[in-house]
Amino acid sequence: MPTNFTVVPVEARAGGDGAGAEDDAAERPEAPGIPTGAESERPSSGDGTPRESSPFISNVDVERESYYEGKNMALFEEEMDSNPMVSSLLNKLATYTNLSQGVVEHEEDEDSKRREAKAPRMGTFIGVYLPCLQNILGVILFLRLTWIVGAAGVLESFLIVSVCCTCTLLTAISMSAIATNGVVPAGGSYYMISRSLGPEFGGAVGLCFYLGTTFAGAMYILGTIEIFLTYISPGAAIFHGEAAGGEAAAMLHNMRVYGTCTLALMAVVVFVGVKYVNKLALVFLACVVLSILAIYAGVIKTAFDPPDIPVCLLGNRTLAKRSFDTCAKVHMVNNGSTMVTTALWGLFCNGSSPSAACDQYFMQNNVTEIQGIPGVASGVFLENLWSTYSDKGAFVEKEGIPAVPVPDESRASGLPYVLTDIMTYFTMLVGIYFPSVTGIMAGSNRSGDLKDAQKSIPTGTILAIATTSLIYLSCIVLFGACIEGVVLRDKFGEALQGNLVIGMLAWPSPWVIVIGSFFSTCGAGLQSLTGAPRLLQAIARDGIVPFLQVFGHGKSNGEPTWALLLTALICETGILIASLDSVAPILSMFFLMCYLFVNLACAVQTLLRTPNWRPRFKYYHWTLSFLGMSLCLALMFICSWYYALFAMLIAGCIYKYIEYRGAEKEWGDGIRGLSLNAARYALLRVEHGPPHTKNWRPQVLVMLNLDTEQAVKHPRLLSFTSQLKAGKGLTIVGSVLEGTFLDKHAEAQRAEENIRALMGVEKTKGFCQLVVSSSLRDGTSHLIQSAGLGGMKHNTVLMAWPQAWKQTDNPFSWKNFVDTVRDTTAAHQALLVAKNIDAFPQNQERLGEGHIDVWWIVHDGGMLMLLPFLLRQHKVWRKCRMRIFTVAQEDDNSIQMKKDLQMFLYHLRISAEVEVVEMVENDISAFTYEKTLMMEQRSQMLRQMQLSKTEQEREAQLIHDRNTASHTAVATRAQAPSTPDKVQMTWTKEKLTAERHKDKGTGSAAGFRDLFSLKPDQSNVRRMHTAVKLNGVVLTKSQDAQLVLLNMPGPPRNRQGDENYMEFLEVLTEGLNRVLLVRGGGREVITIYS
């Protein structure tokens, strides 16, 4: 927007402030409703003070000039009251105050694509209830439940089943809430978790669920082979146990061979046509239902007609009836006249004759026969209430039957005892049983095929869980009431001549259970091999795990060919384990982890109360979800603590991989909301929490300049920021565009994208904040005041030195810089000014041997000590050594100063070389007078003369050339008498007269001063003397240093000397390669205390 202003002639000003007031008037925009003329009629603000006596210092400070007269540190004299000299600081180390530090919490958002839903078809019963029923009821019910009841007893088995079913019920409630919170497209549980907890959790839990489903397929195949080789066709075994104890190993080998062949066959079936698998699903489900009905029918039959199933005991030990038929040592023939030994005798003795040597336990104990299934009315229920855990290889013994123990008995193999094949204990049984309650996700996995997923999933899943829980609990009670304890603990039915225990209970025939369980496990295996590849395909197509994207492709009809191949390979790993009891806890871990995160997702969404959380299913509460989550976690460690840790490690690695390499998605997930809540909480805590110096680190606002294409002018400023911060603390990268926001919106967006891209290249972790303002000066001030939020605000401003401050095409660049210095001082913020920033190293560079030199002149809170320490943490500066120089004057004890400084660094735990440089007082050189005079000439000319832009450029260049020539000749003129009248002037009398006649008609001639009447201001001379002398000392000591850190003197209180201030800084740092001017924020940032 245009700005109107009026320039008042110089001759109207009485005092030395005239030019400064003119500048102020020039920069002040016209207020609305105030005429332009009103501005010009304002009285002069000059204070009448002669310019020669006080161009920089106010009247109050005039009296102090005599105190600083002749001192070497005149450049810093205005700050002595707030920033003491190092010498005085070292004499009395002050107690350090506490400072606050911000906390950084940030989230990154990006756009994502939505997945489309398929056309719905099925209802609740067919689409959810029956699939859940088929997946829940399976191999564990038929092959292991009786053994679990025998080992754990009815009470503990009831507890195991109750806990597991409660876990799945609570998970189903949480899942129902998530599933009814909007439309759930195809993808089921993975979709729900990922969209509720974000891509990292979604990918980790989705892959865990995929691995669980794959290992479930291995478990079902192993169950199928166990039924086939143990109960249907034992003669089909390829390997046989010849040696003692070799039967178990031979069985494992048979399982591996047959399991691999079955897996290959099933994979081919799935590859050829999934539609056949889906059509056979109802057939397999019918097998399960018929088998369960046969069990209930058998239990009812035992109440009035128990089956005659004898079990042979030797003493109290159960015998395996695979090698004998008669449960007796001898039997009488020929009407009781002849005693003949039985086959059992031959198994325990060396021969069949009565006089043969026999096993000692066999000779001292009797053989008895009991009913294996005495029936519901037999009272065996009370005997089976309590647990009977045992070690591996222990005898299956019946309590209550007398037996004569044999001392030092050697458990010779080959004897027909029923032995336990694994050690049994409560937690191990939980791990083996839990897979029998999994499968609750079967309905949600078909969410894309349901007519009304929001209605069908909760109803069908919870009904299926209630039905199966009732079946399991009733089976436990009925098994304990009907079957003898030793038969329950006989895992493979050896006491029943190798028959399936649960089959012997069933009615009308054991083959109903055997055939039904065989086809049931076959169908469950096919379902797992069908579902797992589709789950992997859904994860791959989401693109959150880069290396899995190849598995998102398949056949032309969408069938996941590559995912099926990977699933078969992982499934083969489970089959090679070959033990159903070893595979079951593995998949328990993966399913439990999946269920844990389903509960977590519901709890997070409920507690956050996000506006989009509006489930149709109302019977949920965050406490139920939290209880379910806790139960899942407890069950993981109950089942197997090392498997649990391993599963968590896998999920954690997947999470970190997705976070580091994966495609970032924004799915409106709860974890993002949780992060925002946590950030808000942390911000509130930081703002009101007690600050402490020990936690102080530079929270940097980096001020970047942009070119006309909105590209960053000095990208190495961000490199230096990364080296200084090393990813810690807060970094705000700010920039200002001149104009109005409505006009510059597109440019601002492009500039922000450029800055963010550069931040990514330089690995600068932080925020970008770009401001569009009517002037660069105001925009910079706004950033310094308002950047950050709450306690997460910057305490340090980093900017580049304005190299082109002398160029007249940008006359206000130096003024913006000086005003920024004043703003940071007023805001009590530290300021870092990097000069020659383009010469600073990039992040890829490695500086070799070199020094980081610190010139500690005034104490400003310890910034000069802390910055080199932070820089040396980065690999760019790691090999550089730190040197600290401080300046001693004539009245200082330099030896004592060095000792004090070394002790101070020792207490700070900072290693550095220390050197005290003595600056003796001497006369001000002619070069200093000339430098000062030329500086004042330039300022006076540009302020008072109404030159055209061309003339300004020409005169500025001419003065700059003279300045350079004077500096090169300093060696020859250093000892010359320094009188102002001998200094060669840039302007001649003829030239001045010509300029006056040239501009005579403009009315500005009256405003000219006679430049020959100028005398160097004494205050300026002293400041220039300090800058020249200090620059010479720094050049002598630190010209070859990799980086020089130097106290930055503050700007003058009187704004008239702003341009002179820039000249002082230019002289102070002249000839140095990399310079970092440091100005503290007025607070202690480093402490000697722990």
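Cβ coordinates are placed from backbone N, Cα and C, and glycine is handled just like the others.
Heads up, TrEMBL stuff is auto-annotated, nobody curated it.
Just so it is clear, the model here is predicted, and its values are computed rather than measured.
Taken from TrEMBL, the feature region 'Disordered' covers 1-59 (among others).
For the transmembrane segment (122-145), the residues of the chain that approach it from at least six positions outside its boundaries are 219-220, 223-224, 226-227, 281-282, 284-285, 288, 291-292, 432-433, 435-440, 442-443, 446, 449-451, 455-457, 459-461, 463-465, 467-468, 471-472, 475-476, 479, 491, 500, 502, 513, 516-517, 520-521, 523-524, 527, 580-581, 584, judged by C-beta separation under 8 angstroms. Annotated transmembrane segment per TrEMBL: 122-145 (among others), in sequence order.
Look at TrEMBL and you will find 128-302 (among others) tagged as domain 'Amino acid permease/ SLC12A'.
Counting residues 6+ beyond its ends, the transmembrane segment (157-180) has Cβ neighbours under 8 Å at 148-149, 189, 192, 196, 426, 429-430, 433-434, 436-438, 440-441, 444, 447, 453-455, 457-458, 461-462, 465-466, 468-469, 472-473, 476-477, 480, 592, 595, 598-599, 601-603, 605-606, 615-617, 619-620, 624-625, 627-628, 631-632, 635 in the same chain. Look at TrEMBL and you will find 157-180 (among others) tagged as transmembrane segment.
Under the heading transmembrane segment, TrEMBL lists 201-222 (among others). Among residues of the same chain six or more beyond the transmembrane segment (201-222), those with a C-beta under 8 A of the stretch's C-beta atoms are 138-139, 189-190, 193-195, 255, 259, 262-263, 266, 435, 438, 441, 521-522, 524-525, 528-529, 531-532, 535-536, 538-539, 542, 544-545, 567, 570-575, 577-580, 583-584, 586-587, 589-591, 593-594, 597, 601, 647, 650-652, 654-655, 658, 662, 667, 669, 671.
Sequence annotations record features per position, and here TrEMBL assigns transmembrane segment to 257-274 (among others). Beyond the ends of the transmembrane segment (257-274), by six or more residues, the same chain brings 218, 221-222, 224-225, 228-229, 238-239, 525-526, 529-530, 533, 559, 561, 564, 568, 571-572, 575, 578 to within a C-beta distance below 8 angstroms of the stretch.
Residues annotated as transmembrane segment in TrEMBL: 281-300 (among others). Long-range neighbours of the transmembrane segment (281-300) within the same chain, counting only residues 6 or more positions beyond its ends whose Cβ lies under 8 Å from a Cβ of the stretch, are 130-131, 133-134, 137-138, 141-142, 376, 471, 475, 478, 481-482, 502, 505-508, 512-513, 515-517, 519-520, 522-524, 527.
The transmembrane segment annotation in TrEMBL covers 422-442 (among others).
Annotated domain 'Amino acid permease/ SLC12A' per TrEMBL: 424-701 (among others), in sequence order.
Under 8 Å from some Cβ of the transmembrane segment (462-488) lie the Cβ atoms of residues 128-129, 132-133, 136-137, 141, 145-147, 149-151, 153-154, 157-158, 161-162, 165, 168-169, 172-173, 176, 292, 295-296, 299, 302, 309, 311, 313, 318, 370-376, 378, 380-381, 383-385, 388, 396-399, 418, 436-437, 440, 443, 495-496, 501-502, 505, all in the same chain and six or more residues away from its ends. Taken from TrEMBL, the feature transmembrane segment applies to 462-488 (among others).
Counting only same-chain residues 6+ beyond the ends of the transmembrane segment (500-526), those with a CB under 8 A from a CB of the stretch are 134-135, 137-139, 142-143, 145-147, 216-217, 220-221, 223-224, 227-228, 230-232, 262, 266, 269-270, 277, 280-281, 283-285, 287-288, 290-291, 294-295, 297-302, 307, 309, 372-373, 479, 482-483, 487-488, 490, 493. According to TrEMBL, the transmembrane segment annotation covers 500-526 (among others).
If one looks beyond the transmembrane segment (562-580) by at least 6 residues along the same chain, the residues whose Cβ comes under 8 Å of a Cβ in the stretch are 139, 143-144, 211, 214-215, 217-219, 221-223, 226, 252-253, 255-256, 259-260, 263-264, 267, 270-271, 528-529, 532-534, 536-537, 540, 550-554, 586. Residues annotated as transmembrane segment in TrEMBL: 562-580 (among others).
Residues of the same chain lying 6 or more positions beyond the ends of the transmembrane segment (586-608) and with a Cβ under 8 Å from any Cβ of it are 167-168, 170-171, 173-175, 177-178, 181, 189, 192-193, 196-197, 201, 205, 208-209, 211-212, 215-216, 219, 431, 434-435, 438, 441, 574, 620-622, 625-626, 628-629, 632-633, 635-636, 639-640, 643-644, 646-648, 651, 670-671, 673-674, 677. Residues or ranges marked as transmembrane segment in TrEMBL: 586-608 (among others).
Sequence-distant neighbours of the transmembrane segment (620-644) (same chain, 6+ residues past either end, Cβ-Cβ under 8 Å): 163-164, 166-167, 170-171, 173-174, 176-177, 427-428, 430-431, 434, 585-586, 588-589, 592-593, 595-596, 599-600, 602-603, 606-607. If you look up TrEMBL, you'll see 620-644 (among others) marked as transmembrane segment.
The average per-residue pLDDT of the prediction over the domain 'SLC12A transporter C-terminal' (715-832) is 87, rounded to a whole number. The domain 'SLC12A transporter C-terminal' annotation in TrEMBL covers 715-832 (among others).
The annotation domain 'SLC12A transporter C-terminal' is assigned in TrEMBL to 834-1090 (among others).
Helix, strand and coil counts from DSSP across the domain 'SLC12A transporter C-terminal' (715-832) read 56 helix, 25 strand, 37 coil.
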